[in-house]
Amino acid sequence: MDRGLSTSTRIDDEGLRERNVASQSTSTLSPEALTATGDVELKDKTGKDCKTFGRTPDGTVFTVPQTHDMVSQLLSPSEPKNLSDVIVLAILGAHILLLWQLPTGAKVPVFAIIYLFWRAAYNAGIGWLLHNQSHHKTLVRWAEKTKVFVNPATGKNPHPNVYNFFKRELETKIPHDYSFDEAPIEYNTWLVFRRLVDLILMCDFVSYCLFAIACSHHPVNESVLMTVLRWSAGIVLVLFNLWVKLDAHRVVKDFAWYWGDFFYLIDQELTFDGVFEMAPHPMYSVGYAGYYGISLMAASYKVLFISIIAHAAQFAFLVLVENPHIDKTYNPPPSRKRSAEQETGSVSSRTADSPIAPTPIDEQIPHAPTFSSSPPQSVHELLGLHNLDLYRITDTSSVLIQFLVFALTVLTPSTPWYQFLFVANAAVWRLWFSIGVGYMLHRQSNHKAWTRHFVKYGETPQEAWNQWKGTYHLSMIMCYASFIAAVWKMYNFPADWGYGLVLLRHVLGAGLISLQIWTSVSIYESLGEFGWFYGDFFFDGSSKLTYNGIYRFLNNPERVLGLAGVWGAVLITSSGAITFLALLSHILSLAFIQFIERPHMQKLYGQSLRQDAGLVKSLKKSLPPTLRQLHGSVDKIFDESFEFIEEIIETARPKLANGVNTFVKDTTALFQSYPARVTISRIDEDLAGYDSRDYSLEVEGTDSSSLAEHDQSTGREGANARMPLDRRGDLKNLVFEYGAPIRVKWTAPLNHSKKDWIGLYKVTDNTSREVTRVSSQGRWIAVNEGAYDNLTCEKGIVKSDVVIKATQQQDGDKRDLATGEVIFSGDKLFWTQGVFEFRYHHNAKHNVMAISRPFEIRIGRYEEEDDHELTQASVEKSLLPVIRSCFDRDPEIAPEAVDEPFGSLVERDGKFAKRVVFAVHQMFGVEFAPGVVQADGTVRNLAWRVCNAKRVLAPYSMSRNGASTPTERKE
């Protein structure tokens with residue numbers, strides 16, 4: 001329902017992202033993308049509404065008739081009514097009657113259960129349907145299989161009564177521009193789906209309101225003023241919520257309100273305004289303000305907590321269902337550039353300024369640093385637990401420092417003296433994080449002081465950048481760790497949670513902390529590591545400014561939302577000392593933005609800076625002219641105040657500089673002196689009449705190179721075992737390439753079940769030859785199309801049910817058989833080495849009818865060569881087919897030549913890089929992180945890195961066959 005995209009949207013005509021993201025690739029949505037999400041309002045030149053045209057996945061174009069929102073359809077007397085409306089209204093009336101009939105003590109628990117049921121039906125039920133529709137077109141396939149939309153006159157519809165019911169219901173609701181028989185099946189399916197949505201959403205809202213009524217009461221000893229304030233705030237929030245919903249529906253219309261783009265797309269020009277300029281995902285963020293307003297009016301913590309649960313479930317729905325569909329539908333990776341399409345600069349990028357491919361001078365002088373003004377590729381990022389690397393001094397220091405702070409906080413008493421020390425420590429670190437770090441960035445912006453220091457000692461700008469990231473990271477960690485320690489010392493556990501506003505303060509405080517965490521994550525997702533660490537202070541980035549993510553709505557989210565958690569701590573502790581720290585933090589953060597960030601942005605981008613963000617513009621539009629003038633006057637006062645402060649600082653700067661220089665010299669001299677999953681196997685009972693001899697599987701694949709066979713005789717065997725293998729037959733071992741597609745030919749009786757399927761398993765996973773007892777984990781393909789309600793299991797079907805006449809069979813059998821072919825590739829393969837088999841299963845169950853010959857997937861170990869140039873070329877030659885297989889041989893991802901760049905999907909989906917590093921490790925004995933593959937970008941760069949790594953590791957290798965990572969080598 002919340003179809004206003006808030007991330008990865010490019011707004012080129014408005015300029016700024018308050019910190020430029022030079023090294024991060026930005027996904028750009030086409031107008032069709034925003035159109036399809038429903039942020040549209042099509043008008044002709046005269047301002048009148050025009051017809052809307054829809055487009056189904058198969059390219060069918062149709063007229064989308066005008067429809068109305070659910071409330072109007074149900075309650076407006078001017079709208080036509082049908083049986084489904086009566087059913088919905090009857091169910092809503094039953095809810096109200098139940099509240100009236102239940103005894104007082106049962107109302108709250110009963111309606112809590114009812115509301116949670118409808119909320120689960122919304123987020124889990126509708127979410128499951130939409131997820132499957134997005135990935136497998138399940139709802140449309142159900143309609144196709146049941147043929148409920150096929151005219152019974154054709155004789156193909158086994159459910160004529162259902163057809164007549166749907167036809168009457170839908171044509172009653174849409175009297176103009178709609179014909180049930182002529183509309184595409186996707187559109188009819190969507191119309192039926194939205195009737196289900198109407199029922200669930202209306203029951204969800206009504207049951208919530210009834211639950212709030214059941215819980216509502218007047219608090220004991222509450223003053224009249226507090227009651228008036230509570231109800232006034234609640235009413236304001238509800239009215240604001242109502243405006244958000246109405247304005248959102250005005251913008252997105254019914255198409256996006258009912259998730260129409262899961263079924264079809266519409267062709268329209270777009271407008272992007274209203275509530276979608278105010279907040280990301282307004283339907284799911286600020287669109288739930290009314291829940292908290294109702295909680296205030298009900299004066300019930302039960303209503304508040306169930307509102308929080310509902311809000312959290314809605315965000316889970318957004319993250320798990322809507323966002324993946326948006327990315328898949330509207331953010332496809334850009335097409336990969338071929339070698340012929342690349343510019344000369346791209347082809348010759350591996351020159352002296354490349355950290356990957358060395359020049360001959362670099363070969364002669366191995367320690368000569370390379371200098372580049374371009375931002376470095378981020379391979380080993382700092383932020384996030386998943387990037388924690390204890391081999392890195394920055395991460396080790398961070399962990400040790402946090403452990404030390406935690407230990408001191410827990411082990412010391414909470415006496416006034418220790419409380420003062422911890423608060424003072426937090427204040428000092430906040431001063432350092434804002435003023436100290438700000439001073440260094442100011443010097444870097446104006447004089448490149450930080451970079452000059454490292455260049456002075458022969459280091460590269462990249463080294464200066466890495467050291468800066470470590471310094472900033474440690475400063476940030478100490479700032480917040482010391483603040484948390486001070487909060488811990490000042491916090492007193494409540495003796496009575498029901499006293500006064502204690503519980504409310506904790507709930508609001510936790511909410512503000514969560515808001516700051518979400519804001520920080522959103523900022524990092526928008527800026528990337530380069531922007532997070534102020535990379536445009538160190539490298540010349542792009543002069544083009546873009547707004548995406550949270551910056552579409554706010555110029556500086558750090559200004560308010562970025563410190564919400566600090567004020568949450570104030571609410572939780574109710575401490576004057578923590579209030580002082582919060583004020584100090586906020587003032588210093590505002591000063592940092594005003595005196596450090598803004599001047600640098602103005603110097604880099606000048607007039608292209610955006611003055612008002614989306615939220616500010618929306619608020620200004622809603623203000624009367626007099627208040628707009630007042631807003632301008634206030635802005636002028638603030639600007640003049642900041643200019644006055646800047647003049648004072650400029651006057652005092654020489655004295656401060658002398659003092660700082662003396663302090664630095666003295667300090668320098670001083671330092672120089674000192675789950676388990678359960679799988680249930682379903683056994684079919686109708687196997688009678690099927691002969692397993694009529695079933696067979698034949699496997700074909702790309703044979704592995706001869707390098708894989710060299711390990712069969714390693715010298716570790718006995719004398720007899722070293723002899724050539726004596727085969728009593730003409731069948732050789734099946735050894736296939738890693739990641740190469742595998743073709744499976746099957747035979748079965750003519751009357752085999754259309755729901756038969758073939759799965760891929762490790763040989764050691766199944767002890768039974770009759771029943772498969774482990775999950776295929778998605779590695780299966782149906783033998784016939786249309787048998788299952790998803791499309792994934794049909795990917796790989798080549799042909800099905802080709803009849804083999806009795807005279808065509810080689811084994812003398814006189815029965816006709818059916819045959820077919822499927823191809824296992826990509827995610828349907830095991831991306832590891834081992835011995836595997838295919839199993840043919842009967843009728844969507846796990847009864848095994850045939851098992852293929854076992855086959856081995858093996859990665860051949862690379863043989864060393866002495867000459868470096870030959871090694872470089874041969875490594876490239878060996879890597880290219882492996883990498884193509886790792887990239888599913890997709891022409892949009894996999895390179896055709898060693899100098900072609902990888903497709904952009906390699907950066908977005910980490911599985912491809914992980915496949916490559918596993919293969920490289922097995923082939924060459926060198927272990928890389930997946931980010932290395934993404935950063936290298938071509939087979940040639942990766943081959944050079946492999947050769948260089950092997951030369952570096954050669955002195956430490958204990959392998960007689962060449963360099964490898966010693967501790968990882970397994971014999």
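Glycine residues also receive a Cβ, built from the backbone N, Cα and C atoms like all the rest.
According to Swiss-Prot, the protein carries these features:
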- 1-85: topological domain 'Lumenal' (TOPO_DOM)
- 1-30: region 'Disordered' (REGION)
- 10-20: compositional bias 'Basic and acidic residues' (COMPBIAS)
- 21-30: compositional bias 'Polar residues' (COMPBIAS)
- 86-106: transmembrane segment (TRANSMEM)
- 110-130: transmembrane segment (TRANSMEM)
- 131-195: topological domain 'Lumenal' (TOPO_DOM)
- 196-216: transmembrane segment (TRANSMEM)
- 217-223: topological domain 'Cytoplasmic' (TOPO_DOM)
- 224-244: transmembrane segment (TRANSMEM)
- 245-277: topological domain 'Lumenal' (TOPO_DOM)
- 278-298: transmembrane segment (TRANSMEM)
- 301-321: transmembrane segment (TRANSMEM)
- 322-389: topological domain 'Lumenal' (TOPO_DOM)
- 330-359: region 'Disordered' (REGION)
- 342-352: compositional bias 'Polar residues' (COMPBIAS)
- 390-411: transmembrane segment (TRANSMEM)
- 412-417: topological domain 'Cytoplasmic' (TOPO_DOM)
- 418-441: transmembrane segment (TRANSMEM)
- 442-473: topological domain 'Lumenal' (TOPO_DOM)
- 474-494: transmembrane segment (TRANSMEM)
- 497-517: transmembrane segment (TRANSMEM)
- 518-575: topological domain 'Lumenal' (TOPO_DOM)
- 576-596: transmembrane segment (TRANSMEM)
- 597-971: topological domain 'Cytoplasmic' (TOPO_DOM)
- 699-723: region 'Disordered' (REGION)
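Beyond the transmembrane segment (110-130), the same-chain residues lying 6 or more positions past its ends with a Cβ under 8 Å from any Cβ of the stretch are 95, 98-99, 102, 138-139, 193, 196-197, 200-201, 203-204, 207-208, 210-211, 214, 259, 262, 302, 306, 309-310, 313-314, 316-317, 320-322, 325.
Counting residues 6+ beyond its ends, the transmembrane segment (497-517) has Cβ neighbours under 8 Å at 301, 304, 308, 561-572, 574 in the same chain. Packing against the topological domain 'Cytoplasmic' (217-223) from elsewhere in the chain are residues 230, 298-300: each is 6 or more residues past its ends and has a CB under 8 Å from a CB in it. Cβ atoms under 8 Å from those of the topological domain 'Cytoplasmic' (412-417) belong to residues 489 of the same chain, restricted to positions at least 6 beyond its ends. In terms of DSSP helix, strand and coil, the topological domain 'Lumenal' (442-473) has 27 helix, 0 strand, 5 coil. On the 0 to 100 pLDDT scale, the topological domain 'Lumenal' (245-277) averages 81 in this prediction.
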